Structures are given as C-alpha cells and as structure tokens.
C-alpha cells in the first residue's frame, strides 16, 4: 500500500474506504462487476479507464446515487452502499460533479453555502422569522465559505451569479462547494475536464494543497493521464466494468492489461513505449466533458 | 494554487472575512427611504381613496399571499401544482365553518362552531397545510407535468366536496363568511364605529389594514426563507435533485416541507378570499383559480417573491378595474366584451409576451427600470466594494432564463 506524501499529516479521524466486490447492473448490462479496491486514509486515489469503463458508475455508488447490486462499500463504521445520498454527505463524503451541477441563478456564495447544509440547522421557521440563531449561523458559516472561496481563487466572485462565470471558474466552484462540506473523503469527477493547461496545473496544485492542508482522502476520476500519474498515490484501472489493474502509477503504467485496454492490442509493442502512447492517447483523444 | 492555504479549523477566523461592505454607499439610504415612503402612502391611503380601491387592495393582498405560496412551490422548488385552488378552498371552508354560526333553513341546514374568527383563520391555515402535507408523498414520486396532472385531481375532488357537503360548505349555493374580528375589534362597518380625521373607517378601510399586515408578513417570511438555508436547498433541488442530495439535502423531506408551507400560504389566501367576497361558493375554487395563480407567478417571474407580488396585483386587480371602468375602456362593456373576458384576453397576451421577451417576468422588467442587476431568485446582487465601476464587469443583469431550468 502506498503511503501518503512525506509532508502530509493524515487526520486520525479518516478511515479507509473499502470497496469490496461491488457490482452494478442496469437491466441486463453489467456496468460494474465485482470491483474491489481500498482508498487508504490521506491518499489521492485515481480511478481511470477508457470511456464506458464504469468510472462514473463507481462514483455514483460511492456517493449513494446508484445502489450496488452486490458487494459493499465501507467507510469506517458506515456502509455507504446502504445509505441515502444525503446521509452519506452527513458522514463526510463530498463530491464535485463532472458536468457542472450548480444553480446558475444563485451566486457563488449561495452555491457554496449549500455545502454547509448538513453542518447548519436553520429550518423554515427559524429562517423565515430570522431568529437570531439562524442569522448567527449564517454569518459564521459565511466566513468559512469566504475562506474556501479565497483558497480556490474565487474570493472576488463570491457575489456573482454562477451562470455568468467562465467554465474554468464554474469547475472550481464545484470543487469549492464540495470542500465547503468539510469532507473526510473528497470525490472529484474529472475536475480538469475541458480546462486549459494553465488551469489544469493550478487545479492539480490545489488538489495537492487540499490533501496537505486538510489531510483528507481524495478519489479522482480523470482522463488527463499526465495529471493522474503525477498526482495519484495509487491508481485503479477499470475496463468494461472490471478492475484490470490496481497499484502505484508506475506499476499500472507497465501493466500489459492496461496497455491493451488503452491501445486495443499490445502484442508487438515495447511496453514502455506503449505506456507513453497510452498516456498521450488517453489525454488527447478523450473529448473533455463527455460522459464516460 | 494561491498563497492562501486551507486549514481544517473552521470558525477560528476574524468574523467578516471577505464579507462585502454595503454596496454603493451613495445609494444605500435611498432604498430604505423609498420603502418607508411606500409604507406611509399605504397606511394613509384609506384617508383619501374610495371604497372600491380599498376592496380591490384587500383582494389583491389575498392574491399576493397565495401567489407567494405557489411561487415557493413552483418557481423556487420546481414542483408544478394545479391544486392551489383546492388548498385555498380548504382554508376558506375551514374558516367559514369554524367561525360561522350554525343556521340556515330547510334543506340547507348549516353547521358552524361559532369560534372567534382568529381561531378560524388559524385552523384554516393549519388544515390547508395538513392537506398539502398529506398530498406531498405523491409529489415526492412525480415530477413536472405528471405532478401537475395528479394535483389536478384534488381540484375536482374539492369541487365535489364543496357541492355535496352542505352542512359545512353551504353546498351549491355556498354560504356567507363571518366578519373578521380580533380581540373584540370587528373588521366590519360598526362595533365600534370609528372615525379617523373625520373619515369613517368602515369594513373596507379596516380590511385594507388587515390585508397590508398579512401580505407584508407573508412577503417577509418568504424572502427570509429564500435567502437562507432552506431556500438554497429548495433552489438547488429544483436545478438538480442529484446534486442537492449529494450535498446533504434530504430531497424528499424538503419537497414535503415546501408543500406544507405553500399550502399554508394558500390556506391564508383562502381565508382572505372569503373575507374579501364575504361568502364562499363552489364555483370560485375551480381549475380556473389554479390557472389564474399560475398566471400570476409566470407573469411576475418564477422564483421571485417580488414577482409574485406584482403578478398577483396585476391578475387580481385587472378584472375589477375593467369592470368598474367598463364604459371608459374601448371594446369593454356594453356591446363589447365582458370585463372578465377582456381581462383574460389581456393575461393571455401578457403571458405570451413575458415568456417570449422577459422570462424573469414583471420582476425582471421592474429591475431593468430600476437599473439594478439582479438574479432571478429576487435578490439584489451585491457588488464587492473593490468593483465600483459597474460598466467594467460582465453585467449579470441578463441571467440565464430561469424558466428553462425548471
């Protein structure tokens, strides 16, 4: 098992994520079959694979949107595969969506405040009557939201409606909103899809800083192989709903199964060249933003 | 990414980090001043205008309460409901039965509890809320037009009950609504007789103030909700249920709660309707009333509290004004159109125009006139203090069409 980076201070309250033999079926189609892997506390764990490999399905299982037909997902004492999505958020699992799922009409601050939902209590009566505790709660959490926005370079856009922001900014609001839930496990679904090189670089640095500053686990679905290989402590490779490899970035890059999945067939190709070709091919040929 | 780093200790920061200063010092006094001025005008109005306008005002206040409630459900949360007329009926009938005296003759023997009107009003609101809560499990399973069609059933059930449960509702002919009173003060023509600056304050004047207070309370409550935790949850579940639930929002729970709140608004609107007309009758609570309420919030601007107010005033007052000034308006009255029909033609045209040219509705138009940048949710976008020049930044005054996201 790979250890987190040397400068990382893993929080003691972060359990590993144990994915055990998870299968998901849509009718006759098996989107995932008996996938297992472990996300060690405080690591950046990437899930990669060609289009249709089941990466997003895996994310939907982790966040409770899809039910696993078989197998289980453990997060400490919690069985994520048996919990409703909003309860999963309550135990510290946050997700940033690939296709941006923000409220376009609301401001950045309001979108981020939604991340504080499970940390705050104000109901209809307290909010409608502006009871002091509701107002105080809003102020307190507003300060933390502003801080997280500042961290993701959104500080000057807090009061701009999300709908008028650039694509890159909206992607960062997605990540910021997930961070606002104060997660113990952060699920990032293609955080740099469609971003340019500069934005990608900054996002990669932000992810490293999130891990270093908060000591939380990060699970990453990403097509940008360069980013995956430089960021991830561990990589799980899916193809046609099956796990075909699991290991450190260097290990999976050499894995003949992985090479075959990305290049079709690797019979006469030198493995190291093929791995490079696979990395290059995967990062350039995938259409950003396409559902996988 | 930046020099600022993120640490895990929340709350350990100087309060007010990154919070905006009040926008535009120069105009910050203008808004409160205008609001106070408007309030003073409203309060003084009964001294100067005739009864017709006050009665129209009270009818509009009732419509405002109902429209704000429906807008919370349809505009803010994206739950299409055609059952609003039903919930109004529940409120109105409860009020009339709880506060009305038993009586009537022959076949139409009426029951009534004869309790103080304020009790009747509260029971009306609560029962309407309960009806909404009972219906909400259906709302949790259906979406969009399917929910609309299912909610339609309630309207027909309501009409049937109104027609047949004679002891409570007065049956086909309806029954009169008791006068409102509060701690011995009657909102009627006498008891006590009241003169303010030599102007007699009779039923119309007194109801005007009642309407003002209730509409204002309904307005503030809804606005506060929209600007805080529940409001954000509702707007997010409208835009994406998956996103809302993954961010920790109990989607089913919130759908049920907003149905409860919305139908309580409708119940109050129903009570005010009964007071405004002075009686209730089955044909008042048909599908047409639901459609009129939908027209109010579409015209006003979906999701905007201000829009609901403007739309309610427009839709509820226009037929009354047409009726009164039929002889002055071409094509209306006499050999031309009936006032109600003329008003309906106008609504139809106005809705088409609004949907085509200003999806943010009357609220959007009002904002444009006021020169404010505003999001469709109805809140003024505050500009950070370091961007004083409004022209240099991308103007958010044209937010994405709100209607298309629901």
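Keep in mind that glycine also has a Cβ here, set from the backbone N, Cα and C atoms.
TrEMBL lists transmembrane segment for one of the ranges B:322-339, B:376-393, namely B:322-339. The stretch with the most CB contacts under 8 Å to the transmembrane segment (B:291-315), chosen from B:54-73, B:145-165, B:258-279, is B:54-73.
Scored by C-beta pairs under 8 angstroms, the transmembrane segment (B:258-279) has its highest count with B:54-73, from the stretches B:29-48, B:54-73, B:80-98, B:207-226, B:345-366. With respect to Cβ pairs under 8 Å, the transmembrane segment (B:80-98) is most closely packed against B:118-138, considering the stretches B:29-48, B:54-73, B:118-138, B:207-226. Below 8 angstroms of C-beta separation, residues 54, 57, 196-197, 199, 201, 204-205, 208-209, 212 of the same chain, each at least six residues beyond the ends of the transmembrane segment (B:29-48), sit close to that stretch.
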